[in-house]
Every structure is written in C-alpha cells, then in structure tokens.
C-alpha cells in the first residue's frame, strides 16, 4: 500500500523540537525526509537529557522517526555544492534556524528559487514580523507570549506554563499543514512558495477561546468562571481560571478515592446542562432537579462551589475509573486524570498505534508516540530514528546520483566529516 506523501522529498534542516515535530509527521505519512546534520555533532538533542551514556537521547529519537540522516558542512565549498544538488532534488526545505541563518549560509529564498522554482521553503520562527522578530524563542517563551501562561493557573497564583508542548510541537503541526497545503497548491501553479509559522501565532491559535473571552469581558462578567460565583470582580484582562472548563460548561477537577496518597486520583467532571437531572440522581440530590436554586444553568452559576463540593463528596467514594464507568452510563462528560505511567501501560493505545514500541540499534527498545492522525489508506509505520550520518553515502549515490569517485572526492574535501584534529608534534 502506498503512503499518502510517497514521492515527496523533504530537506530537513530542523533541530530540537518544533521543526522535527513537523518533519516527523510528514515522514510518518510517507515523505522521504533527509535530515541534514553537522558532521560530528548532529542535532543538539542527540546529547540532551541522555538517560544512557553515549546513546542518542529519547529527546532525539522520539522526534526523528522515519528519517534519513546526512552529515554536511554547509560552510565547506563542496558542502555547498552538495546542498545545491539536494535543493534541486527535493520538494520542500524545512528549517527552524534563528532569523537570517539561511541567508548567512548563502542560500536566501531568491537563490533557492533560482535553483529550484518548485521548492517550498517552510520556516518556524519565534515571532512574526514586528518588534520581536529577531528574538530567540523556546517553548515556555512561546507559551508566555502567546496568551497561554497568563490564562493558565489559579487566580491568586502565578501564571503557569502547560505540560503539553503547545509552543514547539503545536507550531510544528501547524507548519506541517501549511506544507501540505503548499504542495497541493503547487499542483495547480507549478510554483513553490514560502510557508512560515511563528510560535507566538501558533500558541495564540490554540488559545483562541481566551481571546474570545477577552472580547466578552467588554460586555460583562464571564459568568461560567468560578470567580463570578464567588463574587470576585473581573479586571480588564481574562483571568486565570484554574480548572474551569473553557467551553461554557462548568467543570472542575475533583478528588477520588485514594487522593490522599495518589497524586493522580482525580477526575474531571463537567456539569453539562442536558444531563443535569442525571447528575442529581447519581450524587443523591434528586430535589435539585426542581429546586429553583439549582434547576437552571443560570441559577447554578453563583453556587458552583457548593455544587462541585457535593459532587466531590460522591467522587471521593469511588476510584476515578469507577466514577468514570458510572458517569459514562448516563452520558455525563468526565475524564480520569491519567498519569504518564498509566498512559504508557494502556494496551488499548498500543493497539491503535497511538503508542508504539521501537527497537533502536544502540539503546534497544523504547516506547514512543505514534502518528496521532490515522488514515485508512495510508497507515503509518513508525521506524527508528537515524544514527548520525547513517545514510550519507546512500543519499549521495541514490538521490544525487554521484559516482563512487565523486563520493570519495566529497569525503576527501572534509564536507561530510568533522574537522580532523592536528596531531601534536
């Protein structure tokens, strides 16, 4: 069975997380992703957060599946020649360098277009054009500047960043969609184009409900927020709302049986209006179904602390899974707080390919995420990440068509290997 992106070749100049997330997704869909790495060094994450000495870290392996690796010194004249040939043979160049790095390498957009007019150049930057476009950005910086941190946490506490990598991985996923869109448009125009995704923009896109609420504030308090029921006035900016639901339906994280010793013995519970009467029956408060203080959503808003306190009395008598089973029978929206250990041990996620076990030649077997997007006609097979420069000669011969003599000549030039240390006299 062919893959969705089979025949698409991607020149991958990305590193760390945002760019590799993008190119890995495209590789899972069948694109031939050629990861260009510095000789002797490679992607910096190969050596970051290592759990096993002298072995590629999980940080690297889990972001670079299904790719091929070529080492190339782009400052070397022969290296520049090889890069020029790669540009001719590839459909997309993806990079997440700092601003201006491609230009300083000697390959600005105009030159790339002259070499290959069909080439799509896709870039991730921290900020879009403006006063901050030259600033260095990492995951937590993106969360802070994109509106996530200011709206995450509790009202009386500090802004918080999330555990999910919405700045890095989130922007990488945005860029992947942009690349596929540009590839489709190219089938009509025959031309390549630039595709850009700024991390600030990506985070803001994921925080759109908070931008929604910012505008709603102009017309009155946000009644579904806990502070409304507590009588706390709103300021002029969207507040941090703890674990309140962002969809307009009141929700909270509640304790379950065992919470005293298990830091994840909790469940998220939403008091959705259509199932309110079922909620009343489950928790043993049938009179609330007709009591004017509780029967209607508007009447419940000032009493959310009391209501969730009563629901929590019930959830504390059940494990999070027992509570979920009972609530699901009545179509009451809820979800257990799952630890990473629980997720890693969930066999159902392995059966769907959401979690995959990968065998690596130097670190052995490890667990990774698989493709979160499932295509019925293009199943994603997750293969291991490449060793540094593992496919260098293969790419030179098979992709660029170089002869053995040419490959040897390129090696002799030093374009593919780390600089040789001079022997001490």
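Cβ coordinates come from backbone N, Cα and C, glycine included.
Over in Swiss-Prot, the protein carries these features:
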BINDING   17-18, 38, 72-75, 96-98, 104, 136-139  CoA binding site
ACT_SITE  168  active site, nucleophile
BINDING   247, 248, 249  substrate binding site
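A distance of 51 Å separates the Cα atom of residue 38 (CoA binding site) from that of residue 249 (substrate binding site).
Ranked by CA distance from residue 17 (CoA binding site), the recorded positions 168, 247, 249 have 168 at the top as the closest.
Secondary structure at residue 168 (active site, nucleophile), taken from DSSP and collapsed to helix, strand or coil, is helix. The most densely surrounded of the recorded positions 73, 139, 168 is 168 (count of other Cβ atoms within 10 A of its Cβ). For residue 168 (active site, nucleophile), the nearest of the binding-site residues by C-alpha distance turns out to be 97; the candidates were 97, 247, 248. For the recorded substrate site, residues 247, 248, 249 set the reference point as the centre of their Cβ atoms, and the other residues of that chain within 8 Å of it by Cβ are 224, 245, 246, 250, 251, 270, 272. Of the listed binding-site residues, namely 17, 249, the sparsest CB environment within 10 A is found at 249. Closest by Cα distance to residue 248 (substrate binding site), from the binding-site residues 75, 97, 104, is 97. In this view, the densest Cβ surroundings among the binding-site residues 247, 248 belong to 248, judged by other Cβ atoms lying within 10 Å. Calculated from their C-alpha atoms, the gap between residue 75 (CoA binding site) and residue 249 (substrate binding site) amounts to 57 Å. Residue 247 (substrate binding site) and residue 139 (CoA binding site) are 25 Å apart (CA-CA, integer value). Residue density at residue 97 (CoA binding site): 17 other Cβ atoms are found within 10 A of its Cβ, drawing on all protein chains shown. A coil conformation is recorded for residue 137 (CoA binding site) in the three-state DSSP classification, outside any helix or strand.
A coil conformation is recorded for residue 75 (CoA binding site) in the three-state DSSP classification, outside any helix or strand. In sequence order, 125, 126, 127, 145, 167, 199, 200 make up the list of same-chain residues 6 or more apart from residue 137 (CoA binding site) whose Cβ falls under 8 Å from its Cβ.
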